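Look at Swiss-Prot and you will find His450 tagged as active site, for 3-hydroxyacyl-CoA dehydrogenase activity. The substrate binding site annotation in Swiss-Prot covers Asp296, Asn500, Tyr660. Here Swiss-Prot flags Met324, Asp343, Val400, Val401, Glu402, Lys407, Ser429, Asn453 as NAD(+) binding site. Summarising the annotation, Swiss-Prot assigns region 'Enoyl-CoA hydratase/isomerase' to 1-189 and lists sequence analysis as the type of evidence. Marked as region '3-hydroxyacyl-CoA dehydrogenase' by Swiss-Prot on the basis of sequence analysis: 311-729. Feature annotation from Swiss-Prot assigns region 'Disordered' to 708-729. Sequence annotations record features per position, and here Swiss-Prot assigns site 'Important for catalytic activity' to Glu119, Glu139 based on sequence analysis.
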Amino acid sequence: MLYKGDTLYLDWLEDGIAELVFDAPGSVNKLDTATVASLGEAIGVLEQQSDLKGLLLRSNKAAFIVGADITEFLSLFLVPEEQLSQWLHFANSVFNRLEDLPVPTIAAVNGYALGGGCECVLATDYRLATPDLRIGLPETKLGIMPGFGGSVRMPRMLGADSALEIIAAGKDVGADQALKIGLVDGVVKAEKLIEGAMAILRQAINGDLDWKAKRQPKQEPLKLSKIEATMSFTIAKGMVAQTAGKHYPAPITAVKTIEAAARFGREEALNLENKSFVPLAHTNEARALVGIFLNDQYVKGKAKKLTKDVETPKQAAVLGAGIMGGGIAYQSAWKGVPVVMKDINDKSLTLGMTEAAKLLNKQLERGKIDGLKLAGVISTIHPTLDYAGFDRVDIVVEAVVENPKVKKAVLAETEQKVRQDTVLASNTSTIPISELANALERPENFCGMHFFNPVHRMPLVEIIRGEKSSDETIAKVVAWASKMGKTPIVVNDCPGFFVNRVLFPYFAGFSQLLRDGADFRKIDKVMEKQFGWPMGPAYLLDVVGIDTAHHAQAVMAAGFPQRMQKDYRDAIDALFDANRFGQKNGLGFWRYKEDSKGKPKKEEDAAVEDLLAEVSQPKRDFSEEEIIARMMIPMVNEVVRCLEEGIIATPAEADMALVYGLGFPPFHGGAFRWLDTLGSAKYLDMAQQYQHLGPLYEVPEGLRNKARHNEPYYPPVEPARPVGDLKTA
């Protein structure tokens, strides 16, 4: 053994060839600060070996290196800029020394090589991969950019266009694509990986492969003519500006850095990467996006822990076909759980099957599946008008009309047709689960399972625990949601649960602004362009359905009359009374017509102005700051109340539910991350300016206490150790 660290070791293989093996405790390898330091020590040992002829890098895990240790990021990003820059210089010196070894090097890459893992293998001369490879640089999705030389080496290896596509979008690619663009030199079966890598290494040692020529371009300026460079970088900057926008500075910074570094050799190019990385790491956007990643890991880990002792349902059923039922059936079947889809008429069943078939055909058109796979999936969806086969199902989700009487009747009837241990769930969006449970003989086997539309795209499923829902029931439903590829978050029961409970105060803020004379177009523009929502409240209401919102608004008002009961006729009432239900009937705040792709396109409609004039004061202008405050304060206050009342368990789960269920702007990180970034005292000052608008603007006492003591909702993060300590971690 030449060297042994906590996460990697170095040993001789044969005749002057050494292997450097990443083998961290646990299931995966991460390129954390300790591993970077250890890698530097191992390379120091190699540099002393006069008889070294070649080096093989490999992993003892199912994945090569999944990336940097993102749990370190928040503390690392609190280090002063100068110290962070010094540590990056140290880390890059390690990878430079790996690249500069006086012998050929190869990485045998299996599974994931992402972020720092990808940057590590870019420093070797050759890369041989297995078919399960996923390799790329996802840093821009975390609000940063590659910091271990990825923005320098990748463009010089692949050419500017391919590298920009991966780096700016934070993409990873599979084995075939990696081979095609030159990111790896070959792909072999897993059992042949080491044998194949050794064969390449021997050829390089023997002079049959020119490893020095392979290495040279990575250390020189990027080979691009002035015209080629202008075209590549101009197009890339335009595309990034269009897709990422001003709220995500990392992608455009990465492109500009690669452009600026193109004319320099390795050392100066790495300095430019360092100078760009450090300021990004100190942005609120980076902290928010890293926070989302960590919250996502927390939520998924919690679901995994919750379901460790239960079996994933093997057969499911959906009550109520149509678009929602068909979407749920498709998602279950697509992920391998056969499903019975029941309705009371053929027309709805046809609609449900058509929806599932449409989604599968899209996969076929994109080349994701072939005809055989399509037929196989669709054959596991069984439409029926009766309860045939319900005695074999493990779980049933009800997705009928949002009416408590209808839901109770359907659930009670279904309970008599299934086994004693079958779990029942309701896809209600607002009706309290404990109320629906009153119709059942076995309420302990019942809970809520709130999907979001469109089911195949929206990652969140709210799992609602009723008063009598058993732990086993919750675990089984969480297991099914996870199997379906969703992110399940368990919440306690109340009208609207979590997501809709906090959404409708936001809509109430919108209605009050309209009442006071604001223009709905300006509100949408401000909330989209300035705050960052994917769609403004008027457009969102049109997509959700004005009729759906009108009904849900009444349910919420009955559930929380002290805050959500209004004493005036609002814009939603006016549009509902005029049969303007949004996209579903082509008339809402806008008029909708199908575009060339069959998608609804919004157009101005003068008729809506007359309707809104009936429920609004004369038009007046509002500042962007006031619009944002009046929209967001009611929502954030309600989010805080949900935490204080135990409806949602943690700030992390609340923020993920908002991001995954409502599209809360990721660069804000969620309501609690936004609160912490803004500061609770500053938020309180802002909210108090609008408390005259009513109870929705009254800040909960718990948040007032936070403001008094200057306490954040997320645990405070301590800066990482001084840079000198990190080098020897």
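The backbone N, Cα and C atoms fix where each Cβ goes, and this holds for glycine too.
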Local Cβ density at Val400 (NAD(+) binding site) - other Cβ atoms counted within 10 Å: 24
Which of Met324, Val401, the listed binding-site residues, has fewest other Cβ atoms within 10 Å: Val401
Structural state of His450 (active site, for 3-hydroxyacyl-CoA dehydrogenase activity), classified by DSSP into three states: strand
Cα-nearest neighbour of Val401 (NAD(+) binding site) within the listed recorded positions, Glu139, Asp296, Tyr660: Tyr660
Number of Cβ atoms other than its own within 10 Å, given for Asn453 (NAD(+) binding site): 15
Pairwise CA distance, Glu402 (NAD(+) binding site) versus His450 (active site, for 3-hydroxyacyl-CoA dehydrogenase activity), rounded so that it is a whole Å: 12
Distance from Ser429 (NAD(+) binding site) back to the residue listed as 'active site, for 3-hydroxyacyl-CoA dehydrogenase activity', taken between C-alpha atoms, in Å: 6
Residue among binding-site residues Met324, Val400, Ser429 with Cα closest to the Cα of Asn500 (substrate binding site): Ser429
Cα separation, Tyr660 (substrate binding site) to Asn453 (NAD(+) binding site) (Å, whole number): 12
Nearest of the recorded positions (Glu119, Glu139, Asp296, Tyr660) to Val400 (NAD(+) binding site), judged by Cα-Cα distance: Tyr660
